[in-house]
Amino acid sequence: MQETGVHNGAYGTDKFGLKNLKGVYWNFGAPQLYEHALKNGEAVLSSDGALVADTGVFTGRSPKDKFTVRDATTENTMWWGGNQSITAEQFEALYQDFLKHAEGMTLFAQDLYGGADPTFRIKTRVYTELAWHSLFIRTLLRRPERAELENFVPELTLIDLPSFRADPKRHGCRSENVVAIDFARKIVLIGGTQYAGEMKKSVFTTLNYYLPEKGVLPMHCSANVGPNGDTAIFFGLSGTGKTTLSADPNRTLIGDDEHGWGKDGVFNFEGGCYAKCIKLSSENEPEIYAASTRFGAVLENVVLGELDRKPDFDDGSKTENTRSAYPLESIPNASLTGRAGQPKNVVMLAADAFGVMPPIAKLTPAQAMYHFLSGYTAKVAGTERGVTEPTPEFSTCFGSPFLPRDPSVYGNMLRELIAKHNVDCWLVNTGWTGGIYGTGHRMPIKVTRALLTAALDGSLRNVEFRTDPYFGFAVPTALPGVPSEILDPVKTWADKAAFDTTARKLVGMFQKNFAKFEAQVDAEVRAAAPDVKMAVE
């Protein structure tokens, strides 16, 4: 077997059970991985120097194909209401079949850290079949120094083989595509998909399992810090603006997607960003655009011009979920330490396509826990067929697919941390105003940024608030530079009766969704629920 690159020779592929490999490329950097990806026909080059790959059938994660070993370790610690199980025997069969499938291959290996805090990070080794996958995970996780590589002993091992096909009968899975995690052995197996996001989210899921035991709240959020050291956390589901809003030229970016919050403050799990890039423009998101159009960026499913090879970020013909992965260093004001102090503000982002939520509201700690457990946004389906009814999406803790433990574990930790550190909490609607999707319009990003700036710099503490009659939270009545009518959503609707009907409908959706959590929270959190009785009749 031919091995090239730097690694711990005393802890090689044999420790994982890999054998009869043709070769291993250890800890290659971007130039070498570009060369292999292009030579192997895995990807093409954009005119700006980005590596552009097509993920084939899977253009997003496949949560229905994700499984966890149910054994003595996980039986009483996993949230089985939100996770699918396989037996230890089925996982072992899958593991052995992965090892067999890898024989004769040349693999790419990366030794990386999941987590910027040395106390809580997890040493992660990732074997990939594809060179561009190796570059992706090297970009997304945190890269050790060369001296650290020579003594690196992994705690978590992940193997990613897109050409592998699972056997549902033999392996206990649903299809030929599989993501399987064994927490006891700290092994992740990914097969049948080229969508690179499965790798990063598997590491995230692992951290979500282990960190609560160590007093750290793992979060699906972005984070930044102001010039005075004031840290802000942004929760939100895909498409709500986590990445866009945390990339603020006046604040230092900690990270765009995954963080831990513990006794010493906030730390990034990653060393890169993974931004949605449909409709990406230099005008609206200059930093992300610049990071996505340069050497070292990895673009997924982005269409290139046939002759000029320029990325067409407006073209969603392959998928609306086009992605750009780039190192944090590509953002001019990013923190390279990935660490910051205790948060002063927590922001929960919701893209409300019903158009009835205010652009910003202040939450009590109990309301914050309620909305954290709810994890609301709304999706708009079938855009190309005209106006359709928005679909509410409730993803608990703003990351249901990545939660191994019961949501109340994370919810209670958040509430305790908010109270302990006297954190201000805000709900921000980045969705629609002036009507439901189809009649209203998207909340202007300039308005959202102005409101966020006022919240983060403390200006909103000194304004007058009203109580929203449907949702019960506090809403500012006026703010310099922001049209006052946009702060009260009913005033933006021409049909006030339709607003009332729509708002009541959304309140009912919140109540129906939260019913499953009511037994796990106290009376104060239950009382924080939206209630149509509050609304003016």
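Yeah, the Cβs are placed from backbone N, Cα and C, and that goes for glycine too.
Sequence-distant neighbours of TYR195 (substrate binding site) (same chain, 6+ residues apart, CB-CB distance under 8 A): THR55, PHE58, THR59, GLY60, ARG61, SER62, GLU300. Per Swiss-Prot, substrate binding site is recorded for ARG61, TYR195, LYS201, ARG323, and the stated evidence type is sequence analysis.
If you look up Swiss-Prot, you'll see LYS201, HIS220, ASP257 marked as Mn(2+) binding site, on the strength of sequence analysis. Counted within 10 Å of its Cβ, the other Cβ atoms near HIS220 (Mn(2+) binding site) come to 25, all protein chains included.
Marked as ATP binding site by Swiss-Prot on the basis of sequence analysis: LYS201, HIS220, GLY236, LEU237, SER238, GLY239, THR240, GLY241, LYS242, THR243, THR244, GLU285, ARG323, THR448. Cβ neighbour count for LYS201 (substrate binding site) (all protein chains, 10 Å cutoff from its Cβ): 25.
Note on the binding-site residues SER238, THR240: the fewest other CB atoms within 10 A surround the CB of SER238. Note on GLY236 (ATP binding site): other Cβ atoms within 10 Å of its Cβ, all shown chains, come to 26. Those same-chain residues not listed among LYS201, HIS220, ASP257 yet with C-beta within 8 angstroms of the centroid of the Mn(2+) site C-beta atoms are LYS200, PHE204, GLU258, GLY399, PHE402. Under 8 Å, Cβ to Cβ, and six or more positions away along its own chain, ARG323 (substrate binding site) finds GLY197, TYR274, ALA275, LYS276, CYS277, LEU299, GLU300, ASN301. Each residue contributes its Cα atom, and for GLY236 (ATP binding site) and LYS201 (substrate binding site) those atoms are 15 Å apart.
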